[in-house]
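Enquirer: Structure below; questions to follow.
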Amino acid sequence: MSWINRIFSKSPSSSTRKANVPEGVWTKCTSCEQVLYSEELKRNLYVCPKCGHHMRIDARERLLKLLDEGSSQEIAADLEPKDILKFKDLKKYKDRINAAQKETGEKDALITMTGTLYDMPIVVAASNFAFMGGSMGSVVGAKFVKAAEKAMEMNCPFVCFSASGGARMQEALFSLMQMAKTSAVLAQMREKGVPFISVLADPTLGGVSASFAMLGDLNIAEPKALIGFAGPRVIEQTVREKLPEGFQRSEFLLEKGAIDMIVKRSEMRQTLASVLSKLTNQPSPFVEPELISEDE
């Protein structure tokens, strides 16, 4: 090594500059890999301004951005999961719960609230994918049922945002039972004529897609969301065939009639308000343009 190389090898330039950038200031888009300013991304509801990719968004933040400011009130916030089976795989289930709670600041994978949307009363729920993949266990099922019962009590619509890998395997049959439990309460809602809208975000899979997520009076999806029971890789390995382009993405499902609408996150609030006003026979929160006759 020459003397000049030795001097430059000791220079703190690159490593120091890198260390001086606070963590979390920049975020790389998981689709186009553009480096984005995190605050701008947050203002854009975690949708990449370069390519339009819908990244995962925190469940609580999603609901607070949806509801009218100051109108939210959480439902069943005290419910916490318990390791009834003393389940252990690579780690103890209770250790996984503790780690997820520490990482997310939430007690489980579903957040439920009441509030208003353009002054319309509404009950909302959202899966937190960061909490054990948004998996559905006993607490998720119980909170979903309590939210649905609250909607029937208030006679107002219920909107649920799903982003889940499916049933929580660490709870075995207790988690599978939630599929029947959540489906049963939605049947009660239907009998009472209370609207339920399901919004499917990326990903919505397994026992969640096989139960409440696909049982909406209206099933809406975010763009390019992965929706299905088993994932595409598992299906390819099982059938040993190449799957069609875009298989299990929301655009593919809309084309095949499995969902009703695809709505961008930036347009979700207005779209839901417009749809719910029609379903509940209330005046539209938006000013409709007046039709001008040719005589005027």
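Each Cβ is built from the backbone N, Cα and C atoms, and glycine gets one as well.
Take a look at what Swiss-Prot says about it:
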| type | residues | note |
| --- | --- | --- |
| DOMAIN | 25-294 | domain 'CoA carboxyltransferase N-terminal' |
| ZN_FING | 29-51 | zinc finger |
| BINDING | Cys29, Cys32, Cys48, Cys51 | Zn(2+) binding site |
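Provide an account of the burial state, proximal residues and distances for the features listed.
Expert: Proximity of distant same-chain residues to the zinc finger (29-51), defined by a Cβ-Cβ separation under 8 Å and at least 6 residues beyond the stretch ends, is recorded for 57, 65, 264-266.
Under the three-state DSSP scheme, Cys29 (Zn(2+) binding site) falls in the coil class.
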Enquirer: To test your reading of the Zn(2+) site: which residues beyond Cys29, Cys32, Cys48, Cys51, same chain only, put their Cβ within 8 Å of the Cβ centroid of those residues?
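Expert: Counting only non-site residues, the set is Thr30, Ser31, Glu33, Gln34, Leu36, Pro49, Lys50, Gly52, His53.
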Enquirer: Going by DSSP, is Cys51 (Zn(2+) binding site) part of a helix, a strand, or coil?
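Expert: DSSP call for Cys51 (Zn(2+) binding site): coil, neither helix nor strand.
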Enquirer: Average pLDDT across the zinc finger (29-51)?
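Expert: The answer is 93, the mean pLDDT of the model over that range.
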Enquirer: Could you tell me which of these binding-site residues, Cys32, Cys48, Cys51, has the greatest number of Cβ atoms within 10 Å of its own Cβ?
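Expert: Max Cβ neighbours within 10 Å, all protein chains included: Cys48.
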Enquirer: Enumerate same-chain residues with a sequence separation of six or more from Cys29 (Zn(2+) binding site) and a Cβ-Cβ distance below 8 A; give 'none' if the list is empty.
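Expert: The list for Cys29 (Zn(2+) binding site) reads Val35, Leu36, Cys48, Lys50, Cys51, His53, Met55, given in order along the sequence.
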